[in-house]
Every structure is written in structure tokens, then in C-alpha cells.
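Chemist: Here's a structure for you.
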């Protein structure tokens, strides 16, 4: 009986973790254009809500671009890429937004930041899902994905409820 209750408790903890991950959004920087000089990153970012737990995905040609995270607003404004917090060059780089606040990114290729290849985002706290789960897909796909994750969570809760009822009946 104790083993069954421990199993039930572990199941509930796992479900809470799955639901939390299902609500995190993945933002493909620049949308369908990706991390490229042709994208308008200021406009793209203004249409997004970045929340703690979300991720940024930088997709680009690794031979042509890179991503550097800058220390602050002055480095961002002046495109000073000499002192960075982080540097990435794989071409499909993922950045986890793990705390609220403003973060600054730029292309590490000489001259690209000055041409507008830079991004400033503000991460906020919140329990509601971000406005898009994958910023490169249409909203309807995002809404369908959110509905699926909610339905899946509801299904799992129903299974756990039945399991708990059986434990108490036995």
C-alpha cells in the first residue's frame, strides 16, 4: 500500500513537470527569416511575449553569422561585442530564459550588429503560456498545440484520479 502511494506521488510530480514544460514557448528568433541581416528583429521582438522558462532559438548559417550575448544596454547600443556574456556559433543555438530581466544579443560577425543584426528582449514572469509556442509557425498551429497539451494534461489527470480511487478502494 505504501509503495502504491509513493508511486502515485511520483506520478503527480512528473505530471506537474510535464505540464510546466508544455507551457514553455520556443521563440525562433527572426521568425521564418531566422538570425539573418534581412530580419527586422526589433519588430519581431515587439510581437512576442518572453516568459521565464521559454527558449530563444537562433537559426543561421554558422559560417556567416554567430550569436553573442552582450553585457548591457550600452554595449547593445554601441554594438560593442568585445566583452560578452556568452558566445555561440553552432547555427542552431538555444538560449533558455531562466530569469526575468532584459537580455541583449548581437551577431559576432564584424559589421553585422551595426547593420541591425541585434536583439533586445525583456523576459517576464508569469504562469500563462506565451503568445506563441514557436514563433515561426502561424498562431492557429500554436493554439492547436496548446489545446493538445491541455487535453493531454487533462487525460493524465483523469488516469491519476482513477488510479487514486483504486488505491483507496483496495
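Yeah, the Cβs are placed from backbone N, Cα and C, and that goes for glycine too.
Unlike curated entries, TrEMBL annotations are predicted automatically.
Sharing the feature lines straight out of TrEMBL:
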DOMAIN    25-125  domain 'Phytocyanin'
SIGNAL    1-24  signal peptide
TRANSMEM  148-169  transmembrane segment
Chemist: With DSSP as the yardstick, break the domain 'Phytocyanin' (25-125) down into helix, strand and coil residue counts.
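Modeler: The counts are 15 helix, 37 strand, 49 coil.
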Chemist: Taking only the residues in the domain 'Phytocyanin' (25-125), give me the average pLDDT of this model.
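Modeler: 96, rounded to a whole number.
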